[in-house]
């Protein structure tokens, strides 16, 4: 049996409230907003963003074999010949398509938000549910006003499960997204002082995360962190939204999904938990107490979605950290090798402390050192300098040997470090990179982390380009 197309061209035009121009293909295999990754047969949606206007790339999309381009009326008035769906606003049209895609599927939908761990939780849950049936989830975060409707519009009608990530920087941003997604299950991983510069108080952050309940379907459920000091606030918001089923996770003795024990190894975690009166022990493919906590939320949501609990727990052992979120690779030096821990995707005080704890347990070579390479944590408001200086304590507790710092906010941490722990400080990650490269030696374990705006990811790429990977069959640990 041939696979059904994602959209017929006529159905997509109707969903978007647009009109067809030219002679487009009869079907669309996918939707894209990026010509760099677009494949032949996909519909290109020309969205106007802050930095670029997607209409500038319409011809490139058509040249690559796009089935059609979704363009604005204003642009279409002077457009060259081509296959188009003409709409008032391509972004609004994408939202409309997403809403129609949600309405046409009977899939069980899970939406994940939280201050930390949204993407890793979403990816683990999608992996678990994929063992149960056809599961749709975004390949990356895709958690904003563009990514969410794009992910929705890409959802095949025959999906059995859908997993969505919903993010925010300001109050009011989650509400319209959750109302599009209409989740059956809403997961909040945690509430921490992330984006506090924008929201002012931790309570305001909790309220912003609780907006996810506004879209939950009748008879739906909420999965909440029982250990959070904002749990009661979140639970009240869930009940006020008409959600009767609330499942909790954490170490709290009243948690429905309770962490009993976690053992961290060099490349995995072993977790013992009580899940709604059933005791289970399972392995995670990466080390980290924070990952163990997130796995409880994954199993809670999976069980609510109808998954087999034993299979779900077993499947978690197959998950692996990805680039920017804990990826661990062995890199070759002239005199041996070192281990690179890539945590560069983002950072806040809680996630940095978690990464430091993982670094503290990472095996090193006989002459190796544990090295933290840290960039600024942004959007922390007036408390930013103090929160950076406060990292000196967990660095000491974890026995970190050297610390390299990048950015103006990390100066406060640099001053708080004892002289023997100071590697180097630089104003930018580009300036810090050569200093880190010169310092590395065989047996080291280097962890890189910082907010996206601190540009630590390019520093990781510099290290990867300078030091090639050690093939897996040669890797016998840090040497």
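Cβ coordinates come from backbone N, Cα and C, glycine included.
If you look up TrEMBL, you'll see 29-75 marked as domain 'Mur ligase N-terminal catalytic'. Residues or ranges marked as domain 'Mur ligase central' by TrEMBL: 112-302. Among the features that TrEMBL reports, ATP binding site is placed at 114, 115, 116, 117, 118, 119, 120. Per TrEMBL, domain 'Mur ligase C-terminal' is recorded for 328-452.
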Non-site residues, in chain order, whose CB comes within 8 A of the mean position of the CB atoms of 114, 115, 116, 117, 118, 119, 120 at ATP: 112, 121, 189, 190, 294
Summary of DSSP states over the domain 'Mur ligase N-terminal catalytic' (29-75), given as helix, strand and coil counts: 13 helix, 12 strand, 22 coil
Spatial neighbours, same chain, of residue 116 (ATP binding site) - Cβ under 8 Å, 6+ residues apart: 189, 190, 192, 194, 290, 348, 350, 351, 354
Local confidence of the prediction over the domain 'Mur ligase C-terminal' (328-452), expressed as mean pLDDT: 96
Chain-internal residues near residue 119 (ATP binding site), provided their CB is under 8 angstroms and they sit 6+ positions away: 140, 141, 143, 165, 325, 345
Cβ atoms near residue 120 (ATP binding site) (within 10 Å, other residues, all chains): 24
DSSP-derived structure type at residue 118 (ATP binding site), helix or strand or else coil: helix
For the domain 'Mur ligase C-terminal' (328-452), residues assigned helix / strand / coil by DSSP: 49 helix, 35 strand, 41 coil
